[in-house]
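Undergrad: Pasting the relevant annotations from TrEMBL:
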type	residues	note
REGION	1-30	region 'Disordered'
DOMAIN	48-253	domain 'YjeF N-terminal'
BINDING	95-99, 175-181, Asp207, Ala289, Gly354, His414, Asp497	(6S)-NADPHX binding site
BINDING	Asn96, Asp171, Ser210	K(+) binding site
DOMAIN	254-566	domain 'YjeF C-terminal'
BINDING	Gly496	AMP binding site
Amino acid sequence: MPGMMRAMASEKQVTPSDRSGGAWRKGEKEPPCDVCAAFRRPRSVSEVAEWDLNAKWFGVSPLVLMENAGAAVARAVRERRPEARRIAVFAGSGGNGGDGLVAARHLSAWAGVDVYLCAAPDRLRPEDARVNWELVRNSPFIRTRTCPRAEDVHELARLLDEREAYDVVIDALLGAGSRGVPREPIRSAIEVIRAQRRRGAFVVSVDLPSGHPETGRVEADLAVTFAWDKDEYQKEPFPRVVVPIGYPVDVAFRAGPADVQALVAHSWTRKGERGSVFVLGGSARYPGAPLLAARAAHLLTDLVTVSVFAEAPHSAVPHELIPLRLPGKMFTREHLPLLEEALRRAHAVVVGPGLGRHPETICALRRLWPLLAARGIPVVVDADALVAWSHPRLRREALPDAHLRPFPAVLTPHAGEFRRLAAFLGLVLPESKAEGEVGSTPDAPPLVAEACAVLELARKARAVVLRKGPVDVLASSDRWAYNTTGDPGLTTAGTGDVLAGLVGGFLARGAAQGLLPSGEGLAFRAAKAAAFVNGLAGEIAAGERGGPWYTAEDVLRSLPAALRRAAEFA
């Protein structure tokens with residue numbers, strides 16, 4: 001994709017009169033399968049922070065990204081003020097300060113550079129910023145001064161007032177993640193930069209001008225922001241350029257630990273605040289499937305209720321699960337009134353594991369969807385429930401197109417179920433050109449072509465679709481993603497039930513804690529996090545077993561380690 005790479009390599013100018021940053025404007029929907037447009041459009045500050053974390057998981061060194069960012073700032077200074085001979089860098093304690101320190105190193109080969117660290121050196125975070133501070137501090141070609149207190153900055157201000165103003169001042173005090181009114185010594189450092197600008201210095205801010213409207217903000221002549229313009233900057237009246245710093249395109253689409261952390265952010269929640277799940281599944285033929293889903297969901301939630309049919313053989317229900325004992329050996333419409341209590345307390349429902357394909361079960365499912373819609377309960381539709389949706393006896397109006405729109409729904413088909421759903425919804429899939437692909441076209445990489453097919457199905461079904469496979473592909477109505485964690489052993493029976501339980505657990509937890517807005521966004525994030533963790537658990541199980549010689553039970557036992565690894569990654 002050389003054209004795409006060239007498009008990403010160029011600097012993009014953003015001015016107050018053109019705050020969208022290019023042809024794409026907020027409110028417009030670029031084609032989600034247009035990788036270039038989807039990658040380049042403005043993103044939120046929190047989204048970029050998540051991608052920083054995921055990029056690190058994928059193997060992109062934060063030190064390399066910081067080096068590229070600082071070099072881009074230095075390049076912007078040289079291009080706009082080639083005559084500058086005296087440059088000052090005011091650096092804070094975070095990654096923004098680290099970018100400024102890198103810029104100082106690059107500029108020291110071209111002009112005299114003074115660095116003012118407005119923090120104690122031992123307070124520098126992250127580690128990459130400390131590395132660059134040591135490089136700058138030990139350079140004989142850069143003068144450094146630490147100003148960890150307001151008094152130190154005030155003394156510096158008096159000294160600078162007696163000297164000629166700098167040609168260029170780089171503001172690397174605060175990054176996009178800063179909140180609230182700046183504290184000392186940053187507040188005083190901002191005033192020093194403002195004073196230098198009044199005396200004629202050209203001010204360049206790293207990412208965005210530091211400060212706050214209430215206490216004063218750096219008046220930047222230019223801001224250099226990285227990789228993407230930010231949604232939060234769209235109304236800001238400062239000129240800026242957006243420069244690439246080496247993020248792989250993957251970060252915009254690939255599942256990673258940040259997706260998990262967004263839904264398990266508060267490990268200190270009180271009892272009852274992690275949500276509850278109801279798993280409806282099981283039959284005489286597949287009695288164990290709902291228990292696998294329920295046990296996976298319980299790792300993420302406080303309470304899980306699971307259906308148990310009296311006449312179906314079943315293993316003992318673990319003590320931590322609440323059994324909902326139903327008469328008979330399969331789900332029928334006579335059971336619907338008996339679900340009332342379980343539905344009332346559920347934050348999410350998982351429907352399908354081991355449910356069976358009996359015509360009476362299909363009929364009961366038709367009547368279940370309106371009940372769930374009336375309550376607005378997020379639902380995961382898996383296994384036999386998916387088969388029921390594409391069964392000839394099921395009318396189109398029973399699909400989520402009619403009943404699941406008001407609340408989050410996640411469909412989790414494997415390749416065969418995906419094809420059945422697509423045919424039932426009238427979706428024509430491109431012919432597959434390789435085993436495991438949904439489709440490919442001459443104009444797009446196979447993954448993108450596959451994502452377009454999943455995206456189209458998601459739009460028609462009005463639900464999030466997680467298509468399981470060697471590479472999981474998921475989509476909502478306006479976005480898509482993929483997941484690469486996993487192992488060949490995840491094709492073994494029962495691992496799909498574990499995945500469905502994880503989706504339900506993440507859905508319930510997110511809904512109960514309000515970590516993300518409810519609706520399609522929550523469903524998409526829950527599916528993305530679940531696919532990542534399920535695949536990671538498979539990798540851990542394979543490592544312990546010496547290969548893909550494991551069962552769904554082994555995957556369940558590996559889930560705590562997978563969740564911990566994802567939640568604690570930093």
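A Cβ is built for glycine as well, from the same backbone N, Cα and C atoms used for every other residue.
Note that the structure is a prediction, hence the values are computed from the model and not measured.
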Undergrad: Fill in the CA-CA distance, the residue listed as 'AMP binding site' to Arg179 ((6S)-NADPHX binding site), as an integer in Å.
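TA: With the alpha carbons as reference points, the distance is 42 Å.
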Undergrad: Tell me which of the binding-site residues Asn96, Asp171, Ser210 ends up closest to Arg179 ((6S)-NADPHX binding site) in space, Cα to Cα.
TA: Ser210
Undergrad: Rank the binding-site residues Asp171, Asp207 by how many other Cβ atoms lie within 10 Å of each Cβ and give me the one with the fewest.
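TA: Lowest Cβ count within 10 Å among the binding-site residues (Asp171, Asp207) is Asp207.
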Undergrad: Tell me, how many other CB atoms lie within 10 A of the CB of Gly98 ((6S)-NADPHX binding site), whichever protein chain they belong to?
TA: 31
Undergrad: CA-CA, which of the binding-site residues Asn96, Asp171, Ser210 lies nearest His414 ((6S)-NADPHX binding site)?
TA: Asn96
Undergrad: Going by DSSP, is Asp171 (K(+) binding site) sitting in a helix, a strand, or coil?
TA: strand
Undergrad: Beyond Asn96, Asp171, Ser210, what residues of that chain have CB atoms within 8 A of the centre of the K(+) site's CB atoms?
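TA: Apart from Asn96, Asp171, Ser210, the close residues are Phe90, Gly92, Gly97, Gly100, Ala172, Leu173, Leu174, Gly175, Ser205, Val206, Asp207, Leu208, Pro209, Val218.
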Undergrad: Taking only the Cα atoms, work out how far Asn96 (K(+) binding site) lies from Asp207 ((6S)-NADPHX binding site), in Å, as a whole number.
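TA: Spelling it out, the Cα of Asn96 (K(+) binding site) and the Cα of Asp207 ((6S)-NADPHX binding site) are 8 Å apart.
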Undergrad: Gly95 ((6S)-NADPHX binding site) to Ser210 (K(+) binding site): how many Å between their Cα atoms?
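TA: Between the Cα atoms of Gly95 ((6S)-NADPHX binding site) and Ser210 (K(+) binding site), the distance comes to 13 Å.
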Undergrad: Give me the CA-CA distance between Ala176 ((6S)-NADPHX binding site) and Ser210 (K(+) binding site), in Å, as a whole number.
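TA: Cα-Cα distance, Ala176 ((6S)-NADPHX binding site) to Ser210 (K(+) binding site): 9 Å.
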Undergrad: Are there any residues in the same chain, six or more apart in sequence, whose C-beta is under 8 angstroms from the C-beta of Ser210 (K(+) binding site), and if so which?
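TA: Spatial neighbours, sequence-distant, of Ser210 (K(+) binding site): Gly92, Asp171, Leu173, Leu174, Ser178, Pro182, Ile186, Ile190, Ile193, Arg217, Val218.
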Undergrad: Any idea which of the binding-site residues Arg179, His414 has the thinnest Cβ neighbourhood at 10 Å?
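TA: Result for the binding-site residues Arg179, His414: minimum number of other Cβ atoms within 10 Å at Arg179.
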